[in-house]
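Features as listed in TrEMBL:
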type	residues	note
ACT_SITE	His191	active site, proton acceptor
BINDING	Cys199, Cys202, Cys223, Cys226	Zn(2+) binding site
COMPBIAS	1-19	compositional bias 'Basic and acidic residues'
DOMAIN	61-295	domain 'Deacetylase sirtuin-type'
Amino acid sequence: MDKETEEDRKDNNSDEKTQKVSSESSDIEDSEMERLRRYLVQKLRLVDLSTSNQNDQSQQRVLHELSLDGIVKFIKEKPDCKIITMAGAGISTSAGIPDFRSPSSGLYHKLDKYNLPYPQAIFELDFFMKDPEPFFTLARELLPEGFRPTLSHYFIRLLWEKGLLLRHYTQNIDTLERIAGLPSEKLVEAHGTFHTGRCLKCRAPYMLTWMKEKIIEGMIPKCEECNEGVVKPDIVFFGETLPERFQVLADRDFVQADLLIIMGSSLVVQPFASLIDSRVKGHPEHIQQDILRMS
């Protein structure tokens, strides 16, 4: 009996420790969510309706709560709701595509085998011009061969199918939005895409299917028009400017948006991260935009 009592006591202590760890983990999550809520409220100058002047429309929040219930209620009640989505690598990691900065699993932590002077060099235009082989070796792992869109990609397509999507802005170069069925006119690939490429010498255009065939065979794609230039996918390297479409449409879209949804991005890379300031800077006196960040 004493032995059983001692074992029961150990089990109870173990349960208490597990509950304590679980409680601490929950507290950390709650703390992080509260920190994020305060940041978004401050960043977008959102004011709680309970403390705002009900007659001051410029200081009222549009979403009554920053939650899924709040966003659903808003979309249902808002006539002709216009939604912009912004996405980063986090929506593609569950498809098997690595992000860049995660410890141990991120892309920058797996580049030792390429003998680079530093990890970012593989995406620098000057380095690519001198030695494109490391990039194309890596590209075999990044090509969308066998990768499938995630629920996040199909959620974005669903917004489009329901007539709610004004535009989708993505940092990703994996083309999974296209594979999910999102039309190109609704898509802004801020950091470029593997979907197309160009000869660096004569600018002849090429499509993914042609480039992929060469890359998978371990070849460096060479232009068949001038027979000299390397064909580089239309992804934005360090040292290159973002596509003109990015700025042109951002200036137009964000002043129309009723709702901005951010998915899978920590918003640390500029100028993509600055998109969330577009509406506030343009219309600080009448904020009709609210934001929900989804991880």
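Quick reminder: no glycine exception, Cβ is built from N, Cα and C everywhere.
Positions of TrEMBL features highlighted on the structure.
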{"residue": "His191", "record": "active site, proton acceptor", "Cβ neighbours (10 Å)": "20"}
{"residue": "Cys199", "record": "Zn(2+) binding site", "Cβ neighbours (10 Å)": "21"}
{"residue": "Cys202", "record": "Zn(2+) binding site", "Cβ neighbours (10 Å)": "12"}
{"residue": "Cys223", "record": "Zn(2+) binding site", "Cβ neighbours (10 Å)": "19"}
{"residue": "Cys226", "record": "Zn(2+) binding site", "Cβ neighbours (10 Å)": "13"}
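When secondary structure is read from DSSP and collapsed to three states, Cys223 (Zn(2+) binding site) falls in the coil class. Computed over the domain 'Deacetylase sirtuin-type' (61-295), the whole-number mean pLDDT of the model equals 81. Recorded residues Cys223 (Zn(2+) binding site) and His191 (active site, proton acceptor) have their alpha carbons 23 Å apart, per Cα-Cα distance. Each residue in Leu200, Lys201, Arg203, Ala204, Glu224, Glu225, Asn227, Glu228, Gly229, Val231 lies on the same chain as Cys199, Cys202, Cys223, Cys226 and has a C-beta within 8 Å of the C-beta centroid of that Zn(2+) site, without being one of the site residues. In the three-state DSSP reading, Cys199 (Zn(2+) binding site) counts as strand. Note on proximity: of the binding-site residues Cys199, Cys202, Cys226, the one nearest His191 (active site, proton acceptor) is Cys199, by Cα distance. In the three-state DSSP classification, His191 (active site, proton acceptor) falls within coil.
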